[in-house]
Amino acid sequence: AGSVQRCLGPLLCLWALRLPAGSGAAARGLDVASYRERVRAMFYHAYEHYLESAFPYDELRPLTCDGQDTWGSFSLTLIDALDTLLILGNVSEFQRVVNVLQEGVDFDIDVNASVFETNIRVVGGLLSAHLLSRKAGVEVEAGWPCSGPLLRMAEEAARKLLPAFQTPTGMPYGTVNLLHGVNPGETPVTCTAGIGTFIVEFATLSHLTGDPVFEDVARKALKALWKNRSDIGLVGNHIDVVTAKWVAQDAGIGAGVDSYFEYLVKGAILLQDKELMSMFLEYNKAIKNYTKFDDWYLWVQMYKGTVSMPVFQSLEAYWPGLQSLIGDVENAMRTFLNYYTVWKQFGGLPEFYNIPQGYTVDKREGYPLRPELIESAMYLYRATRDPTLLELGRDAVESIEKISKVDCGFATIKDLRDHRLDNRMESFFLAETIKYLYLLFDPDNFIHNDGSDFDVVLTAYGECVLSAGGYIFNTEAHPIDPAALHCCRKRREEQWEVEDLMREFYSRKKSKKFTLKSAPNHAEEEGAKDPKDASSEKAGEKRNSKKSSHSLLSCPSQSFNSKLAVLGQVFLDNT
């Protein structure tokens, strides 16, 4: 067993663990391979019926065996399921779907689309599939990963969302018309998650395309929320993006807020950004102080901290997984076990669960096959190998197959008390629920790579390392390779680091051949230098006049080229 630890200063450690054979699962007699194959069969039962009965509509209606458009007429289930196909090992279908999407998806349509949903499902799904294309055997362009048809589609979709960010506060409207922009009568009230859930996709886009506008608007929106937190450090549920006045002042970790916190952590990991992590850690203190009770998290008034809703929402079940990413595994497990008791009570997580009463909330008894508890189990199993987490996976497979499986797919559970079904299969069932279940039962999947395997890709900017692991899942479970963000442009600090290493290398090389006898000779040598080298050296001197925040890379056992091609960093070899 091995592990790789990537740390953001003292703030963050992300662990990728390779599990030893027979750990945990064998201790309780759970046949992991058998459940993995059952999850695979669940995927194809749903996926094939979507293709047969619903494509090109967004989603399958499993009770009537037909389709419907829900989020914008993008063939959404196909986009959402694409990277799941590769995780299950189906490269031929991945390749076929890539061609189908290129030919059939059009964003120049007169449709009002959710800015949030279009970003996480469409932009996120296309970016992930773009970055996984080479692994899936797709014949990629010469400039990949800095160019490619799926990247161009993701960029086109994201540009359709940009008009929503043109507000006095920088916080986006919730809905945009893909052809005409923001409708004149559009409500300015947006949920917190709908404002703070862009940095993963938009920063990836900016780094791959070289256009900073995407990352810039995402950061501005994040900082606007931070600026408008309450005096006790909490944010509410809905805010007016024009006036920055809080409309719904309930503070918690669930619906309407959830992925804002998630993206502060994941954005910090993806971008190695201490500011984003410090923002989350400040929120985390306030959340613990005001909303946490006996390892449950309640809803409170954002200005006073008084309890407003003593409920657990199924969307909150992502929180233990997020806690594991910042290393707080002990608290994560305690909260996870609370949530697992609710699952055992109903065979799923109701949308709302009244904690004092220990029962569902009226009109919130449904379970639309959400992934969040399974997601947390996957993260925590990677960190702990506790077999209890595999048991949750087993229970999820058994419950979903028993309650929601129908002839044409898997149906939303309308009421967990009597198992009535609803005629809908959300695209996230294939994007997230199935994916996290499969990864829970597949410890050797390439997604779990510990860095021992990787690909070296030559780009216009030099070599970069890809597929080494450390994938960051967006909130729709689309994995982003963080190393790819270093492949398509040299940020100034990376350029300086490369120049430092090159000067160090050449100075050592020259010191073996020459002895500098006098200042005039040294000046003569300086005069012979290329002007670019001189300006680079001045830039280095200017920067080095301040105390450096990090030491130069030093890997004497590796070749000079290998020193630079680390974790996706790129360089130009001008020798």
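Just so it is clear, glycine is given a Cβ too, placed from its N, Cα and C backbone atoms.
As annotated by TrEMBL, active site, proton donor applies to Glu117, Glu351. The annotation Ca(2+) binding site is assigned in TrEMBL to Thr475. According to TrEMBL, the feature compositional bias 'Basic and acidic residues' maps to 522-543. For 516-556, the entry in TrEMBL reads region 'Disordered'.
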Message: Can you give me the Cα-Cα distance between Glu351 (active site, proton donor) and Glu117 (active site, proton donor) in Å, rounded to a whole number?
response: 19
Inter-residue C-alpha distance, the residue listed as 'Ca(2+) binding site' and Glu117 (active site, proton donor) (nearest angstrom): 10
Message: I'd like the number of other C-beta atoms within 10 A of the C-beta of Thr475 (Ca(2+) binding site), please.
response: 25
